[in-house]
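Take this structure first; my questions come after.
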């Protein structure tokens, strides 16, 4: 396991590492209600598509454990309300809704009594937790076929252990390459406006001893022109049926720069991030956040009072800019419509 854990179930509470305070301070916060977990997701105490899905799963466990309902129908109604609250916390990441729906499916049997619902939900949440570690590690192992023995890569946002239960997706690829003895150097986009690259990815890679350099988001194209970059590695929050990718704002710009310079652009994600119910990225709901994330840094104003802002948290990268999608079931190549359908049908 990593030297830090983004989330941990204590037996009665969900402990979250408050990522807003990193790297300056390591603070843990404890939650005992689904509403509290939903607020933590919205406030980005915990972030990253896989991590918020697992956090939401334990949010339902908390609702069940604290419920005074002895009638199973009443308990299910209470859980349904909590589920909608959790899903609404961050609408772009499909893993959040996927994890909540999987939890509800686990208790779909109408014959389950209240006590059995409690036990089933806890087991289902723990299974999600354990699966996430195994899935992320497999993504990292599968990707090594694309990473040369000596590699310079560009990474956007944070997709490591802090964004998941452990290892992570795109950053996990870098971590595993380093563990395997590859000479890998990561250039980390700082990732405005919340600086997940500078604050979180640099924090992780420093802990693992992986050589890295932080760059401003606008420097990636010039960096590709100035020196050899072997690939760009990003995670994602949703992949649509045609292979369009929703990821942290700035991903689209990076993909355009990579295309212009002939640099492979790889997206790493678990199968749970694939949403074939949406035909293209145009159908994805994009979360817009408070403009103060742009006009302030850690509470300090950096723009004139009253400045207008537009602050989408994510953007859409068209499938034609994506060289490959790396999953726990293998590496997918265009045409993505066919590849995504096949990987969902055939687990092997």
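Placement of Cβ uses the backbone N, Cα and C atoms for every residue, glycine included.
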Quick check: of 90, 289, 292, which does Swiss-Prot put in the same substrate site as 47, 48, 49, 196, 247, 248?
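Same substrate site in Swiss-Prot: 90.
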Quick check on the binding-site residues: of 47, 90, 248, whose CB has the lowest count of neighbouring CB atoms inside 10 Å?
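Counting other Cβ atoms within 10 Å of each of the binding-site residues 47, 90, 248, the minimum falls on 90.
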Kindly assign residue 49 (substrate binding site) to one of the three DSSP-derived states: helix, strand or coil.
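The residue in question, residue 49 (substrate binding site), is helix (DSSP, three-state).
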Whole-number Å distance between the CA of residue 196 (substrate binding site) and the CA of residue 157 (site 'Transition state stabilizer')?
5
